[in-house]
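Right, one structure below, let's go through it.
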Amino acid sequence: MPRPILATIHPAAVQHNLARARRAAPDAKTWAVVKANAYGHGIERVFEGLRSADGFALLDLDEAQRVRHLGWRGPILLLEGVFEARDLELCSRLDLWHAVHCDAQIDMLAAHKTNVPHRVFLKMNSGMNRLGFTPERFRSAWARLNALPQVDEISLMTHFSDADGPRGIRHQMQVFNEVTRDLPGERSLSNSAATLRHTVPAGDNATDAPDTLMSDWIRPGIVLYGSAPDHPEHTSLDWGLLPTMTLSSKIIATQAIETGASVGYGSKFVAEHPLTLGVVACGYADGYPRVCPTGTPVLVAGQRTRTLGRVSMDMLAVDLTPLHAAGQSVGFGTEVTLWGRASNGAVLGIDEVAQSAGTLGYELMCALAPRVPVLVDDGC
Ligand SMILES: *Cc1c(COP(=O)(O)O)cnc(C)c1O
């Protein structure tokens with residue numbers, strides 16, 4: 001029998017979360033962001049849940065090919081555009097739309113031979129200082145693209161640095177709106193956080209409020225995968241999101257320890273009273289963060305408890321005290337949920353575990369290790 005560790009992907013939950021994102025911006029079209037292999041879930045595994053998206057946004061050409069291979073004939077957007085000239089040939093062949101964020105990409109387009117002009121998304125660096133033309137150079141880049149026979153429609157995009165936090169999007173919106181006011185083309189602005197926090201449905205007469213926005217294409221990523229973009233200010237429950245990945249395993253040993261006994265490498269946990277611990281077949285080589293300290297939440301038989309001591313490569317320890325207190329018999333073979341949904345329906349949000357590790361749900365789902373078997377849950 002293989003080790004009992006298992007990741008379960010829930011495409012129906014992905015579908016639910018996509019609908020949630022759409023409700024926040026009902027007039028916009030939706031790019032389902034599936035970069036990084038659908039945030040570690042596997043593009044093929046979540047595809048059914050994302051069929052109602054208007055397009056797929058990603059970075060890697062091989063991922064774009066995989067989406068086409070799944071039979072998707074609608075729009076696909078390369079969020080970082082092309083990396084070298086010959087990528088444009090694949091864009092022509094697979095009908096990929098691509099971001100244009102620098103002069104080198106315009107040069108490559110100008111030299112590209114194609115019968116069908118490309119749909120491009122011209123990216124502005126409105127303050128994030130990662131990709132894009134500065135506001136000063138944006139309009140000349142637009143004019144240059146517009147003059148190219150290789151280019152069809154030009155859409156306008158930017159990306160927010162603080163949509164999830166107190167600084168918000170207002171400063172970047174002002175820059176973007178000022179520079180693009182009279183330029184034609186569709187706009188794509190909002191990631192998950194901006195979609196949930198800063199979009200007000202049309203009809204609320206809110207278009208004039210400087211920190212709400214209307215966008216022709218929203219670009220939700222993390223919400224599709226059931227994680228709150230602004231945890232812990234809001235939880236996934238607050239936003240009405242469902243977990244899309246469950247990481248589960250089983251107890252493979254128990255130890256009854258006395259007061260003063262220590263647990264695991266470095267003796268990081270020392271018992272203050274006698275207790276029984278369960279040893280779980282899950283460690284950092286499975287993608288569970290090694291930095292999670294004693295006290296990280298975990299579900300045993302669907303009941304909440306905590307980890308004890310350091311996470312090792314293949315194992316971690318959990319406190320069975322609350323289960324014993326409830327009179328539950330647990331031991332070898334008992335189900336453990338590291339994040340996601342337990343068999344009894346209890347949910348442990350990936351964001352809570354991420355918070356313990358000082359990181360975000362994004363990183364945990366993307367870091368699921370290749371050695372973990374993955375099952376697709378057809379039920380939910
Ligand atoms: C990753 C990414 C997104 C999605 O971001 P989330 O925070 O996961 O919603 C949107 N736009 C761009 C340009 C991205 O790179």
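Each residue's number is its place along the chain shown, starting with 1.
Cβ from N, Cα, C; glycine included.
The active site, proton acceptor annotation in TrEMBL covers K35 (among others). Mapped onto three states, the DSSP output places K35 (active site, proton acceptor) in helix.
The active site, proton acceptor feature in TrEMBL is assigned to Y265 (among others). Sequence-distant neighbours of Y265 (active site, proton acceptor) (same chain, six or more apart, CB under 8 Å from its CB) are G309, R310, S312, listed in sequence order. Secondary structure at Y265 (active site, proton acceptor), taken from DSSP and collapsed to helix, strand or coil, is helix.
The substrate binding site annotation in TrEMBL covers R130, M313. A simple way to gauge crowding: the CB of M313 (substrate binding site) has 11 other CB atoms within 10 angstroms, across all the protein chains here.
Residues annotated as domain 'Alanine racemase C-terminal' in TrEMBL: 244-377. Taken together, the residues of the domain 'Alanine racemase C-terminal' (244-377) have an average pLDDT of 97.
The Cβ of K35 (active site, proton acceptor) has A57, L58, L59, D60, E63, L79, G221 as same-chain neighbours under 8 Å, each 6 or more residues away in sequence. The N6-(pyridoxal phosphate)lysine feature in TrEMBL is assigned to K35.
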Count up the helix, strand and coil residues in the domain 'Alanine racemase C-terminal' (244-377) according to DSSP, in that order. 24 helix, 49 strand, 61 coil
For a quick check of packing: other C-beta atoms within 10 Å of the C-beta of R130 (substrate binding site), how many? 11
